[in-house]
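K.L.:
My questions all concern the structure below.
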Amino acid sequence: MEKYILSIDQGTTSSRAILFNQKGEIAGVAQREFKQYFPQSGWVEHDANEIWTSVLAVMTEVINENDVRADQIAGIGITNQRETTVVWDKHTGRPIYHAIVWQSRQTQSICSELKQQGYEQTFRDKTGLLLDPYFAGTKVKWILDNVEGAREKAENGDLLFGTIDTWLVWKLSGKAAHITDYSNASRTLMFNIHDLEWDDELLELLTVPKNMLPEVKASSEVYGKTIDYHFYGQEVPIAGVAGDQQAALFGQACFERGDVKNTYGTGGFMLMNTGDKAVKSESGLLTTIAYGIDGKVNYALEGSIFVSGSAIQWLRDGLRMINSAPQSESYATRVDSTEGVYVVPAFVGLGTPYWDSEARGAIFGLTRGTEKEHFIRATLESLCYQTRDVMEAMSKDSGIDVQSLRVDGGAVKNNFIMQFQADIVNTSVERPEIQETTALGAAFLAGLAVGFWESKDDIAKNWKLEEKFDPKMDEGEREKLYRGWKKAVEATQVFKTE
């Protein structure tokens with residue numbers, strides 16, 4: 001009887017369940033979208049119960065649609081949108097407020113106040129993160145401060161906090177396991193990534209009671225089992241958890257120090273495995289935990305690009321220059337260059353290494369001869385320039401020269417982007433056969449814990465290259481183009497609207 005690992009990939013707009021066989025191949029996929037809530041400008045929320053319902057639905061669907069029985073599932077792995085915060089009543093199991101999503105800016109004033117009080121460096125040193133609304137800690141404080149009776153309940157030990165992984169494990173296990181893993185804990189602003197413990201000083205600054213917090217576990221171990229009524233009468237081990245970007249790093253088999261992956265999703269996320277050393281960044285990168293296995297933690301440097309694949313959506317939906325995302329490639333390759341046009345897609349500011357939230361998008365170098373093809377090509381090239389910005393910051397901070405870049409996400413199907421990426425970073429770009437690397441990473445973590453795979457070496461053999469893009473551009477051309485990009489970014493930062 002063939003066995004499978006069931007991977008739950010709980011994302012920002014949809015929940016997915018993917019079955020993987022022993023070769024790491026996909027044996028079935030189910031997906032369901034859920035509602036986004038925008039109660040005020042800049043606020044983004046989800047209903048945690050709707051997320052839970054969507055996860056139950058896709059788990060059921062992937063098993064039913066693929067003629068798989070529940071007793072063929074060897075283990076369950078979970079990967080999740082990181083930082084999104086749920087606070088719920090531990091007796092009723094009901095969330096006391098919507099889940100506050102990672103994108104939501106509603107805790108800006110809390111962050112500003114803590115900065116004014118001089119605590120920014122304290123958070124940076126202990127957590128490796130910036131004091132920003134992006135991360136979970138200030139979201140928990142906001143819920144306790146703004147939901148009537150919440151703080152009193154929390155002090156009495158009646159409330160639980162969790163990121164989405166914690167919420168799902170708690171629900172799946174029938175309230176038996178209130179846990180998170182090192183990778184998700186490291187995104188909360190409350191976890192000391194050096195001591196590997198919840199930090200009392202940070203909790204005091206955020207006024208969050210410690211009794212709400214989940215137990216922090218390895219990214220690969222059996223946390224509990226599915227309660228029989230949620231899973232066809234079967235008690236299946238829940239055995240792997242990692243935040244989405246860290247799961248993608250693991251799914252790309254980036255197990256060695258200096259291994260790098262870049263995800264081209266709506267935004268872009270680059271992670272470098274820095275081994276057992278938490279590298280302090282001087283270049284606007286985050287220091288984070290990649291994963292914890294067998295009592296050992298691996299750290300990572302992370303760079304965030306706010307606009308990546310969404311720039312292509314903008315060409316399609318906003319400007320109506322293309323009818324479909326794949327069309328952008330054929331337009332871009334009709335011309336040999338952009339003729340000096342640069343697009344800086346700072347629609348919501350600039351991420352790593354600039355961290356300029358006030359910047360807005362700009363276009364430079366237009367002439368009467370500029371055509372649609374030049375504009376589209378310049379937009380695609382912007383994804384690659386931003387990636388080089390992050391990669392240079394990583395090399396500088398870590399002292400490691402990147403030997404190859406493993407890639408995933410929607411935009412990697414675009415061969416023009418992949419080749420230009422290799423050219424502009426002067427490094428080989430490796431596109432894997434299985435691009436569902438986030439779900440695959442969660443499956444690998446769960447599979448290791450239940451003996452489905454023996455070791456990381458065993459897993460690395462499952463990683464298969466679809467295509468390798470080697471740099472073809474000469475040095476002079478590459479550096480000239482990149483100098484132009486740096487000038488364009490500089491000019492973008494000068495222009496600020498009132």
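Glycine is treated like the rest: Cβ placed from N, Cα and C.
Quick paste of what Swiss-Prot says about this protein:
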- Thr12, Arg16, Thr266, Gly309, Gln313, Gly410, Asn414: ADP binding site (BINDING)
- Thr12, Arg82, Glu83, Tyr134, Asp244: sn-glycerol 3-phosphate binding site (BINDING)
- Thr12, Thr13, Ser14, Thr266, Gly309, Gln313, Gly410: ATP binding site (BINDING)
- Arg82, Glu83, Tyr134, Asp244, Gln245: glycerol binding site (BINDING)
- His230: phosphohistidine (MOD_RES)
K.L.:
Using C-alpha positions only, work out which of the binding-site residues Thr12, Thr13, Arg16, Gln313, Asn414 is nearest to Arg82 (sn-glycerol 3-phosphate binding site).
P.N.:
Thr12
K.L.:
State, in Å as a whole number, the widest CA to CA span among the ADP-binding residues Thr12, Arg16, Thr266, Gly309, Gln313, Gly410, Asn414 given in the record.
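P.N.:
Across Thr12, Arg16, Thr266, Gly309, Gln313, Gly410, Asn414, the widest Cα separation comes out at 24 Å.
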K.L.:
Would you kindly give the Cα-Cα distance separating Thr13 (ATP binding site) and Thr266 (ADP binding site), rounded to the nearest Å?
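P.N.:
That comes out at 11 Å between the alpha carbons.
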K.L.:
Under 8 Å Cβ to Cβ from Thr12 (ADP binding site), same chain, six or more residues apart: give me those in sequence order, or none if nothing qualifies.
P.N.:
Gln81, Thr84, Val101, Trp102, Gln103, Thr266
K.L.:
Using a 10 Å radius around each Cβ and all protein chains in view, which of these binding-site residues has the most neighbours: Gly309, Gly410?
P.N.:
Gly309
K.L.:
Long-range same-chain neighbours of Asn414 (ADP binding site), Cβ under 8 Å, sequence gap at least 6?
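P.N.:
For Asn414 (ADP binding site), the qualifying residues are Ile312, Ala325, Pro326, Ser328, Glu329, Leu380.
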K.L.:
Please name which of the binding-site residues listed here, Glu83, Asp244, Gln245, is nearest in space to Arg16 (ADP binding site), Cα against Cα.
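P.N.:
The answer is Asp244.
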K.L.:
Please report the DSSP secondary structure of Ser14 (ATP binding site), reduced to three states.
P.N.:
strand
K.L.:
Between the binding-site residues Ser14, Gln313, Gly410, which lies closest to Tyr134 (sn-glycerol 3-phosphate binding site), Cα to Cα?
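P.N.:
Nearest in space to Tyr134 (sn-glycerol 3-phosphate binding site), counting only the binding-site residues, is Ser14.
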K.L.:
Which residues, sitting 6 or more apart from Asp244 (sn-glycerol 3-phosphate binding site) on the same chain, put a CB under 8 Å from its CB?
P.N.:
Asp9, Gly11, Thr79, Asn80, Gln81, Arg82, Thr438
